[in-house]
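Student: Sharing a structure here in structure tokens format.
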Amino acid sequence: MNLSVTANLSSVHIHWTPTDTTPTPGGTMAYANMTDDEYLLLKMGPRRKDMLSVVCLLVIYSFIFVTGIVGNVCTAIVIVRNRYMQTTTDYYLCSLAISDILILVSCLPFEAYSIWQAYPFSFGEIFCIGKALLTEMTSYASVLTITAFTVERYIAICHPLMSHKIADLRRSVIIIICIWTISFIIALPYPIHTRTLFYEYSPTTGKPLQQSLVCNIPPQWISEMTIMFQISTFLFFIVPMTAIIILYVLIAITLRRTALNRANSEESTGGHHSSHTRRVVRMLVAVVVAFFFCWAPFHTQRLYTIYHAKQWTPHEMEVQSHLFYISGVLYFVGSTVNPFLYNVMCKRYREAFKETLCCCFGHRKSKYQRSLIYYYNNMKSTVRSHSSPEDDKQPGQTDLNNSDSRNSKRDPNYSRTTKLLSNSVKAREARQNEQKVARAVTYADNEYHSENEDVKLLTYLPLNKAENVDTVVPAVKSNIHSPTCL
């Protein structure tokens with residue numbers, strides 16, 4: 001059986017459409033007594049699979065669609081409605097949620113429709129071309145966003161001081177815009193080479209059969225698009241997969257080293273940090289495994305269809321058919337698991353999600369906000385403790401100073417002794433305030449398991465007497481994020 005293969009972009013991955021060219025006794029006369037439906041069944045295969053397979057696939061797709069839309073929409077809403085969630089990391093997560101929503105909305109319903117009715121294509125050529133652009137562009141944007149987010153994680157955990165210097169929301173917005181622009185440009189060849197076309201013609205009249213209309217890459221352009229499939233696989237699977245593995249290995253090594261150092265310096269909490277590190281490493285492995293299993297079948301099916309010889313055996317046809325549907329399901333699963341891998345597993349996100357749900361019942365601050373306010377207020381008290389003595393006067397202190405002044409006139413050594421005692425008291429108060437700030441930072445670090453050093457840097461900010469703490473601390477606080485939340 002000789003089968004020609006075409007690229008069907010009713011979903012993003014390629015689908016073959018068999019054309020039976022086996023010689024038939026009597027030539028075209030053998031088709032003269034066939035109806036159009038019988039002829040198309042012979043040439044293009046059944047319009048839908050058996051009912052059991054159709055129902056199972058539709059149930060799976062419905063579950064993926066609902067779960068993915070709810071998870072990604074909740075992610076976007078939580079980030080938009082909570083200012084303390086609007087960090088550089090969360091900007092990438094919001095972009096990822098948007099790309100996943102567009103993938104699910106623009107592609108999955110029509111993939112499900114093609115399972116119910118493989119042909120004819122009923123949505124027009126403009127929709128066919130637009131869908132080819134949107135599905136490819138959002139797929140590329142999703143992969144590039146995950147890669148950029150991984151790089152941000154690596155910098156935040158392995159190079160925290162550098163992260164503190166370059167962490168800028170404006171820079172993140174520029175990177176996200178570049179990601180979408182690059183995705184749009186690289187996806188352009190797909191809509192340019194995608195058309196609606198009649199796949200079969202009447203064997204008697206030679207006119208196109210209306211029921212054979214499909215949204216395809218025409219056969220004459222398949223050889224040209226082969227280069228694009230190669231570029232797509234290399235740039236949007238092999239390179240990102242390699243980068244993600246390398247960076248997450250470096251992150252795991254850094255977290256392990258940090259946990260060992262803490263275990264040596266803090267024996268009481270060493271077990272806690274060690275168990276947390278193991279959890280984070282497991283989540284890093286889960287991210288890599290999910291990325292591989294969601295995208296590898298997609299690109300494998302594409303290349304398998306393009307490079308396969310034109311002679312298809314029945315067994316190869318069966319393998320290709322199963323690979324087509326498996327790769328389609330896993331492709332959409334990737335857009336569904338992203339909000340769970342990168343957000344739901346993070347306690348900070350869950351706190352923000354609860355706060356968003358309960359906003360209509362009150363404005364009770366979350367634990368994360370309360371911890372920030374706690375060490376923010378302690379930081380202000382620390383700055384005040386280093387201010388001029390006139391700012392620290394308490395009621396009744398004037399009389400004491402007057403008394404000290406009179407006594408100093410009588411005894412010159414009295415003034416020096418008083419100054420030494422005063423400086424000692426102020427130094428002790430400053431140390432106590434610094435300890436309060438350190439305890440608050442430790443609480444926030446233990447509560448949210450953040451390996452990021454941005455919070456700890458607050459303790460060492462060069463706050464002078466003339467510096468406004470109300471502008472310095474919030475500026476740093478806007479860059480606080482928990483890069484190990486997965």
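Backbone N, Cα and C define each Cβ position, glycine as well.
In case it helps, TrEMBL gives these features for our protein:
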TRANSMEM  51-79  transmembrane segment
DOMAIN    71-342  domain 'G-protein coupled receptors family 1 profile'
TRANSMEM  91-112  transmembrane segment
TRANSMEM  132-151  transmembrane segment
TRANSMEM  172-192  transmembrane segment
TRANSMEM  227-255  transmembrane segment
TRANSMEM  280-298  transmembrane segment
TRANSMEM  323-344  transmembrane segment
REGION    384-436  region 'Disordered'
COMPBIAS  395-405  compositional bias 'Polar residues'
COMPBIAS  414-425  compositional bias 'Polar residues'
COMPBIAS  426-436  compositional bias 'Basic and acidic residues'
Student: Counting only CB pairs under 8 A, let me know which of 51-79, 91-112, 132-151, 323-344 has the most with the transmembrane segment (227-255).
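Tutor: Against the transmembrane segment (227-255), the leading stretch is 132-151.
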Student: Residue list, the transmembrane segment (51-79) vs rest of chain: Cβ under 8 Å, 6 or more residues beyond ends.
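Tutor: Residues 85-86, 90-91, 93-94, 97-98, 100-101, 104-105, 108-109, 111-112, 115-116, 325, 329, 332-333, 335-336, 338-340, 343-344, 349, 352-353, 356.
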Student: For the transmembrane segment (132-151), which partner among 91-112, 172-192, 280-298 gives the most CB pairs under 8 Å?
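Tutor: Answer is 172-192, with the largest number of Cβ pairs below 8 Å.
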Student: Could you tell me whether the transmembrane segment (172-192) and the transmembrane segment (280-298) have 3+ CB pairs under 8 A, leaving out pairs under 6 positions apart?
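Tutor: These two stretches do not touch.
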Student: When the pLDDT values for the domain 'G-protein coupled receptors family 1 profile' (71-342) are averaged, what is the result?
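Tutor: Averaged over the domain 'G-protein coupled receptors family 1 profile' (71-342), per-residue pLDDT gives 82.
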